[in-house]
Each structure stands twice: as structure tokens, then as C-alpha cells.
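Student: Take this structure first; my questions come after.
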Amino acid sequence: GLPVCGETCFGGTCNTPGCSCSYPICTRN
């Protein structure tokens, strides 16, 4: 969803558990 995980995903993946890539940032559900 909307909350930002404090991580970007220019590489296409997120390392933070429970976060997914919503280019170019990672979001938590």
C-alpha cells in the first residue's frame, strides 16, 4: 500500500521483509 519502507527498488527488488516494489520505491502492502 502507501507506507514507504525507506527503501528504493531501482533494481526491481526490495530487501525489507513485507515490502514490495512500487517503482521506484518500496511500499508495505
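Note: Cβ is positioned from N, Cα and C throughout, glycine not excepted.
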Student: Taking Swiss-Prot as the reference, C5 is linked by a disulphide to which residue in C19, C21?
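Tutor: Answer per the record: C19.
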Student: If one measures from the C-alpha of C26 (disulfide bond) to the C-alpha of C5 (disulfide bond), what distance in angstrom results, rounded to a whole number?
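Tutor: Roughly 5 Å, rounded to the nearest whole number.
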